[in-house]
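Structure record follows, encoded as structure tokens.
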Amino acid sequence: MREPQMCNILCNLKLDAKTAKEFKEKISDEYRVNMILDNLPLVFPLKRTDQDSTVYQLGFLVGLKGQYSGSKEEKYFIYNHLAFTVKYHKDMLTESARIVGFEVTPFSVKHEYEGKFDVRTTRLTTCDPHAKHTVVNSNSPQEVEEGKEIIFTYDVEFQESDVKWASRWDAYLLMNDDQIHWFSIVNSLMIVLFLSGMVAMIMLRTLYRDIAKYNELETQEEAQEETGWKLVHGDVFRPPNNSDLLCVYVGTGVQFFGMILVTMIFAVLGFLSPSNRGGLMTAMLLLWVFMGIFAGYSSTRLYKMFKGSEWKRVALRTATMFPAVVSAIFFVLNALIWGQKSSGAVPFGTMFALIFLWFGISVPLVFVGSYVGFKKPAIENPVKTNKIPRQIPEQAWYMNPVFSVLIGGILPFGAVFIELFFILTSIWLNQFYYIFGFLFLVFIILIVTCAEITVVLCYFQLCSEDYLWWWRSYLTSGSSALYLFLYATFYFFTKLEITKLVSAIFYFGYMLIASYAFFVVTGTIGFYACFWFTRLIYSSVKID
């Protein structure tokens, strides 16, 4: 600590054909080397020319591709000399110091020496601490070719810094794109205001007029001329097809919604800092497991309303269906990464722990929630359901279920897609994401947008005497997940330069899981908004 090192020789390596080929592949694929010192990741500072600021990139590249001047042939060069800068903050009272920064500048240098190589005694002519001759550029770079000898060296420079230890992460987490995030928020708020205006108009003017008119109907002749949503009052709460599956999906959505909400609150309060590596994932997994109790409760409450009696079957499906689909995709992806001998593969011990969390804690909690939910009295509908379902009239083309579902997903996606770009960049392009305040705002906007667009489309649907709203309300806002996946595909082809098949499968596999989760959350928000809306309007009209 605080003792500078200059031109320390680490080791030498004679390249054989296999090693040279592997190095070239790693350089082509832009692999990065990551290191950690006192829990701080190694960063490569990049000066931004357009702004007077520095961006920190995690790790450094293994090497680079380039040509010698006057030559067209592309060569591979390796970064074999690392100039580390360790920043420290001194305590005035004790004279001790703590590390507050860890930066690197990599160089490619073809080191030269005389005589036989020995790590302890060899003195390099290209980099010598005794002659105060150090590496400052990569003018004579180290090629990667079979038979070449590479000597790895490093410098360490210690710099005193004013940054206190408590705020050493601030430089890493400094976001240079605040304006874009604010633009994203304003853009989303515009969508919300537009939708809120529509909902307010429907609620106050149209519904108020409808309810007043329906409640004034006196004579039989007037009653026969009824049109619009009151006509379907005897069918609107008829249980839908596959009602069990709907209950399972709603329960899973509640579980997911609870997990996201609590995670966001913890993150906004600063409990899930990137300095606690893996903290975010751990928190999300544990919260998912413990939210199982709400999943069971909400799915069986709905199931009992649909006059169901086999609550254990619904509870089991709620506890296993979504995690089973995700686990299947995850296992396949993990096997592929494991086959590539990547350190990114999840070890068997962790796998076992995940399965234990699922079956040992999550499943029992779902059953507990289901038991409590089923013991409660069933939710009473505001209107009676007829014995015989009424005929649904011919619908206009724009009320076609597929069309209205696809239209419904556009606005919720539009409200979040700018933030989505930053999240994808942080996951796939090695950057920090730590603006949970923005994310929380966007999440609230997403909830409002999903609820409002579903209510608007549900109202239009009921007005055209189509009472099959249960599934459609779930799919309307849930279809935003389709747009999310399409955007992820667009992002893959425009921003990422992935050439390996396994990497592409890995990307699409994880984006599929993310889109599926997004579908479940947004669908549940839309469903509950519609459920509340239909109960509200049908409880406010007098029906003989």
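Using the three backbone atoms N, Cα and C, a Cβ is placed for every residue, glycine included.
According to TrEMBL, the protein has these features:
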type     : residues : note
TRANSMEM : 182-204  : transmembrane segment
TRANSMEM : 246-272  : transmembrane segment
TRANSMEM : 278-297  : transmembrane segment
TRANSMEM : 318-339  : transmembrane segment
TRANSMEM : 351-374  : transmembrane segment
TRANSMEM : 395-428  : transmembrane segment
TRANSMEM : 434-462  : transmembrane segment
TRANSMEM : 474-493  : transmembrane segment
TRANSMEM : 505-533  : transmembrane segment
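Note: the stretches the transmembrane segment (434-462) and the transmembrane segment (318-339) are not in contact (fewer than 3 CB pairs below 8 A, sequence gap of 6 or more). Among the listed stretches 182-204, 246-272, 278-297, 351-374, the one sharing the most Cβ pairs under 8 Å with the transmembrane segment (395-428) is 182-204. Sequence-distant contacts of the transmembrane segment (182-204), counting only residues of its own chain at least 6 positions beyond either end whose CB sits under 8 Å from a CB of the stretch, comprise 411, 414-416, 418-419, 438, 441-442, 445, 448-449, 452-453, 455-456, 459.
Counted as Cβ pairs under 8 Å, contacts with the transmembrane segment (351-374) are highest for 278-297 among 246-272, 278-297, 318-339, 474-493, 505-533. For the transmembrane segment (318-339), the residues of the chain that approach it from at least six positions outside its boundaries are 247-248, 251-252, 292, 295-296, 299, 345-346, 351, 358, 362-363, 366-367, 370, 502, 505-506, 509-510, 512-513, 516-517, 520, judged by C-beta separation under 8 angstroms.
Residues 246, 249-250, 252-254, 256-257, 260, 322, 325-326, 329-330, 332-333, 336-337, 408, 412, 428, 446-447, 450-455, 458-459, 469-470, 473-482, 484-485, 488-489, 492, 496, 498 of the same chain sit 6 or more residues outside the transmembrane segment (505-533) yet have a Cβ under 8 Å from a Cβ within it.
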